[in-house]
Structures are given as C-alpha cells and as structure tokens.
C-alpha cells in the first residue's frame with residue numbers, strides 16, 4: 001500500500017463538501033492519489049456537529065476503521081471539521097491512529113500537515129486556532145477539471161448564536177472573504193467551463209457586514225457575480241431571514257441568471273419558539289419576505305429547514321409549524337429532531353421532550369412535506385424547462401435494463417440517459433434516442449412524469 005494514497009469521508013453541509021473537494025485537489029497537486037477506502041493509507045474524515053446524529057456517526061466510523069485496519073501498518077487517520085474543532089486533541093487520547101485534527105479554519109493548512117505526517121511517522125498535529133481573517137487558500141482548479149456546477153465560499157463562521165446552534169463555536173465568528181477573491185475564483189471557474197455557481201456561507205445575507213468586509217454588500221456581490229460573461233446560473237445558500245435585504249429580494253427580479261429557488265430556514269412556525277431559539281424574526285416578518293419574493297419572481301420555489309421538539313415546544317406550537325408549511329408552502333424542507341449541542345443556550349433550557357414525542361412529530365411533519373413536495377413535482381408535468389446536465393443518470397433513475405450506466409462506464413461520459421437540474425433545482429432524468437455526451441450542456445426538456453424525488457422528461461430541442 002502506497003503511503004501517499006488517501007480517501008476522504010465527508011459529513012454535513014455543502015460547505016464541508018466544498019472543503020473536502022478542495023482538500024482532494026490540494027493533495028493531488030502534492031502528488032497524493034485519491035483511492036477507494038480499503039486501498040488508502042490516509043483516511044480523512046471531515047465532520048459535522050450541528051446535530052448529535054452525525055457526530056455519533058463519526059465516532060462509529062473511527063471505531064470501524066480501527067477494527068478493520070488493526071493488522072495494517074502505517075495507517076493514518078485525520079479528523080477535520082466541526083467535531084474536530086469541538087473535541088480537538090481529545091481524539092489523540094481516544095484513537096491511536098488519529099494523527100491530525102484540524103478545525104474549520106485549519107483546513108487551509110491541512111495539506112502541508114499531511115505532507116509532514118508522511119515524512120515524520122510519529123508526529124501528531126493539531127490545527128485548531130481560528131484565524132483573524134478569512135482563511136484564503138489557492139482554489140487549485142488548475143490541478144483538476146472544473147465542475148459544471150461549482151460552489152464558492154464567500155464567508156466563514158457566524159455571529160448569530162441561535163440558542164440551539166453550535167456553529168459559532170465550531171466555525172468561529174463571521175469573516176467575510178474579499179469580494180475581489182470571490183470574483184476572481186468565479187471568473188476562473190466560468191472561464192474553465194462552469195456554467196452554474198452557488199455562493200456559500202453560514203449567513204450569506206450578512207456578507208460584508210463584519211469588520212473583515214471590504215464594503216461590498218451581498219446584493220452588490222450578487223450583481224457582480226451575475227455579470228460574469230458565460231455564467232448561466234447563479235444560486236446561493238444559506239440566508240438568514242432576519243438579514244435578508246430588500247436589494248437581495250429585488251435581485252430575483254432583476255438578474256435573469258439568478259435561479260428562482262431560495263433556501264429560507266424557518267425552523268419553527270411558532271413565534272414563541274422562534275423567540276426562544278433567538279432567531280430574531282417572527283412569522284409575520286418571514287411571510288412578508290415570502291410575499292415579496294413571490295411578487296418579484298412569481299415562479300420562485302422556497303425550501304426550508306425545520307426543527308421539531310425544541311425545548312418547551314407544545315402541541316399548539318407544533319401545529320403552528322404545520323400551518324406555516326401549508327401557508328408558504330415549501331417545495332422541500334430539511335427537518336430534524338432537536339438534539340442538545342454542548343455549550344449552547346438551549347442545552348440548559350427546561351421542558352425537554354421525550355424522544356418518542358419528538359419522533360412522532362417529525363413523522364407528522366414529513367407527511368405534510370411529502371404531500372407538498374409531490375404536488376410541486378406533479379405540477380411540472382407537461383412543462384418545458386431548460387436542464388443543465390451534470391452526469392449520466394444512475395441506474396435507479398434511468399430504469400432497470402437501460403444502457404446508461406454501462407455506456408457511461410465504457411466510453412467516459414457518453415450515455416443514453418442523463419441527469420440534470422432545471423433552474424428551479426428540480427432533478428430531471430432524460431432518456432435519449434442515442435448515446436451522447438451532454439455533460440455541461442443545457443437542453444430544453446419536456447417533463448413527462450413525476451417520480452418521488454425527481455422528474456423524467458424527453459428532449460424538446462437541441463443542446464447548447
């Protein structure tokens with residue numbers, strides 16, 4: 001087994017996924033090779049601690065790696081991300097194979113640290129300090145292929161300190177990236193083939209409002225990125241309802257390439273619970289944002305995050321959340337059972353609900369959401385939409401017995417079934433009359449059927 005082989009396992013949000021993708025490029029630029037898990041000498045686990053469940057999965061994974069590699073020499077485990085920031089050097093005591101822990105700001109220095117681990121077999125390194133400014137790093141796109149749909153970090157950390165949330169403690173205080181650096185990376189991506197960019201941050205609407213900002217507001221940044229020649233689609237995540245400015249709402253009507261889909265976390269439909277959460281908005285404010293968004297872009301689709309079982313949540317509070325879901329409604333929501341996070345205000349609140357009660361409420365909430373998600377997909381049938389293709393369709397979507405996957409495997413990207421998304425973010429699978437390479441192409445597609453989580457369609461014109 002070659003000592004310069006690695007495998008990355010990622011938990012959590014899109015920012016973690018983006019960090020892992022960057023780390024892979026940076027290591028490959030240093031001569032490391034990414035391989036399947038069982039072939040790797042270096043295991044890198046990028047962790048999430050926003051809820052208890054993904055954190056426990058990390059400990060379970062570390063235990064499995066320890067068992068499965070106990071007879072292998074020179075196995076190195078690196079733990080990064082939010083759990084690493086939270087637990088720190090405690091990983092060294094519990095897991096002998098862990099030789100590097102790096103926090104969210106420390107990720108920028110992880111490639112150099114991993115290089116050192118190869119050269120110094122007994123070294124153990126921790127990178128846990130928060131930087132004063134945004135931890136800028138070489139994007140490394142010259143070392144690999146640019147994705148057709150790319151993600152760009154515009155900030156790090158959060159200043160909101162919602163009662164349930166550990167992010168300000170694990171990702172630090174908000175640090176805005178300079179607009180020049182953001183625009184430079186976006187131009188590089190588009191110049192090398194990206195057709196869609198998603199701007200990432202814990203609270204994108206407060207971009208530029210911290211001491212590290214350069215005077216550029218988020219609305220201004222949206223306009224500047226949208227103006228890059230060749231950029232077909234622009235998205236962003238995640239905004240906070242308390243900070244969304246009128247100029248950002250107006251951008252959905254002014255910018256043709258700003259996609260009509262916004263993720264707007266509600267968390268609860270109860271004003272009483274929202275206040276206890278420290279969200280700093282109420283349902284009236286939230287619905288005003290929704291109304292204004294729909295006024296400037298009538299076809300806009302809204303998704304959300306919802307927490308059930310927050311301490312003290314009553315049945316009446318929960319019913320208000322269900323009513324909010326029916327009023328908006330959300331085309332999709334990510335719903336979670338509340339879990340205590342160490343050091344947060346909510347951890348100390350009275351009125352904790354039983355696991356059984358929280359689970360029952362989650363089931364009810366998801367039943368309501370499934371109804372609206374299915375209705376949104378059914379409403380697309382018969383419409384013609386522009387689809388940006390990102391990959392051959394998986395077998396489950398292309399249909400059993402199709403040659404999509406086989407063709408893709410035999411000839412790279414040539415396949416007769418392709419998967420992509422329309423501007424609203426709906427996933428579409430399209431079967432072609434003959435194998436073709438549609439990666440990065442945009443094609444008009446007529447939707448013919450709705451599945452549980454996606455759509456199927458047929459070509460309605462030529463790709464471009």
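Yeah, the Cβs are placed from backbone N, Cα and C, and that goes for glycine too.
According to Swiss-Prot, the residue from 13, 158 that belongs to the [4Fe-4S] cluster 1 site alongside 48, 82 is 13. Per Swiss-Prot, the range carrying the annotation region 'Disordered' out of 365-392, 393-420 is 393-420.
Of all Cβ atoms in the shown protein chains, 21 besides its own fall within 10 Å of the Cβ of residue 165 ([4Fe-4S] cluster 2 binding site). Contacts of residue 13 ([4Fe-4S] cluster 1 binding site) defined by a Cβ separation under 8 A and a same-chain sequence distance of 6+ are given as 48, 50, in order along the sequence. Under the DSSP three-state reduction, residue 82 ([4Fe-4S] cluster 1 binding site) is assigned to helix. The two recorded residues, residue 82 ([4Fe-4S] cluster 1 binding site) and residue 165 ([4Fe-4S] cluster 2 binding site), show a Cα separation of 12 Å.
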